[in-house]
Amino acid sequence: MDGIVISCGGTGGHLAPGIALAEAVQARDSRTRITLLISQKKIDSRLSGKYPHLHFLAVPGLGFSWRPLRFFRCAVSQLKGLLFCLKLLLRERPAVVVGFGGFTSAGVTLAARLLGIPVALHEANRVPGLAVRTLGRLATRVYLPEGVRLPAVRAPRIRHVGLPVRREIVDHPRSAACERLGLNPKRRVLAVFGGSQGAGPLNDWAHEHLAALAAEGVQLYCVSGPGKGEAQVRELPLRAAKPAPEGMASDAPVGPPAESTAAAPNAAPAPAPTPARETPNAPSETIRAIFVPFCDDVATLLSAADLVVSRAGAGTIAELIRCGTPAILVPYPHAADDHQRANASFFERQGGGVVVEQGDFSRLKREVLDTIFNDWLLNQLRSNLRRMDRSHAADFILDDLERLSAESAAAKSAGSVSARFATPALTPPPRAGSAQ
């Protein structure tokens, strides 16, 4: 392909897969011109700043709302976005345009349609969002999760594929990940986060249960979200903690309960216990709880965590699957079309974790402790997550985009040749007696 424009702004869930696709394009052919369209939000500028090798442009636009004043502002900003995208596409002439949903996809999809450029839209959630439902009729291709339908789009234009995940989101050795985050690899780790924007109720739950988690020997790493709390590290007393099992500090996942004393073939020997592990209730031992407003290294956090409590955005779930980290999902109850509940329910049915509703937080602590110390269950969940992984998603989409680009170029070439050699239509002679 000569060039590609990827619209992926608005939230981390839109931006991350756009970056993943751009990296796949760059890895395949570094000569391809890549432009990523993002929003003017701080979350977009923060995440895009980590990728100086990619070209980002902030496009005008606001999210949709039925409130009169907001609706008017949205319409004006989207018109500005359309004009911005028309100028961009006329200048760049990309082979294809890709949109990952959200309000930044509207202007560039309409502009590409007006200019005859193939458009592909990707929907990550189990319930398609407003942008994809509305713009899907204009798209040459629509990518949907497995088993999801979009009645407004004809089946031949739909492909079922997973969500592209950034190259750096891979599982790291657990002990190294813990040490990098300042955590003890010999103790269980619970990670709590609410997506790119954070989640106040999850932060509140984490603060309220610090002492109870520490008493059980569970370390906490909470990503509170921008503007939702200051960074802090707390050391809490270990009271009646459950000792970590032998081999916890190894890089391998915690194994299921052994039924025999025979060692597994080629298994690494368990490390010798430290004095602190021999006396887990020593007065000097403490359990660490860390709160940060933002996490720049998601892969390290997911590799260190034995269990995650999080919202149920499609991007978060895709990263959990890629790193094989079991999770308790708490869907955001006010998400558009309740798509987070649909995402979480599918994740639970596939065996990746458990769903706890926000209105049932009294159950969350029990689910956390019952899961994080159940070695057999953790291994079973990890096995299910490996089965769910769709690591080929970016390459699948890129292969399909190259076909779309080639088909579009061939059609334009054929049309141009036909027009050049077509016999001019003859004007029929006027009828007798007609006015001259």
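Quick reminder: no glycine exception, Cβ is built from N, Cα and C everywhere.
Annotations in TrEMBL come from automatic prediction, not curation.
TrEMBL lists Thr11, Gly12, Gly13, Asn125, Arg166, Ser196, Gln340 with the feature UDP-N-acetyl-alpha-D-glucosamine binding site.
Residues or ranges marked as compositional bias 'Low complexity' by TrEMBL: 257-267.
Annotated compositional bias 'Pro residues' per TrEMBL: 426-436, in sequence order.
Taken from TrEMBL, the feature domain 'Glycosyltransferase family 28 N-terminal' applies to 4-143. Mean model confidence of the domain 'Glycosyltransferase family 28 N-terminal' (4-143) amounts to 93 (pLDDT, 0 to 100 scale).
The domain 'Glycosyl transferase family 28 C-terminal' feature in TrEMBL is assigned to 284-375.
The region 'Disordered' annotation in TrEMBL covers 243-282 (among others).
Here TrEMBL flags 412-436 (among others) as region 'Disordered'.
Within the same chain, the residues at least 6 positions away from Asn125 (UDP-N-acetyl-alpha-D-glucosamine binding site) whose Cβ sits under 8 Å from its Cβ are Pro145, Ala314, His339, Gln340, Ala342, Asn343, listed in sequence order. The binding-site residues examined here are Thr11, Gln340; by Cβ neighbour count within 10 Å, the least packed of them is Thr11.
Remark: Arg166 (UDP-N-acetyl-alpha-D-glucosamine binding site) has Ala16, Ile19, Ala20, Glu23 as non-local neighbours, by Cβ distance under 8 Å and separation of at least 6 in sequence.
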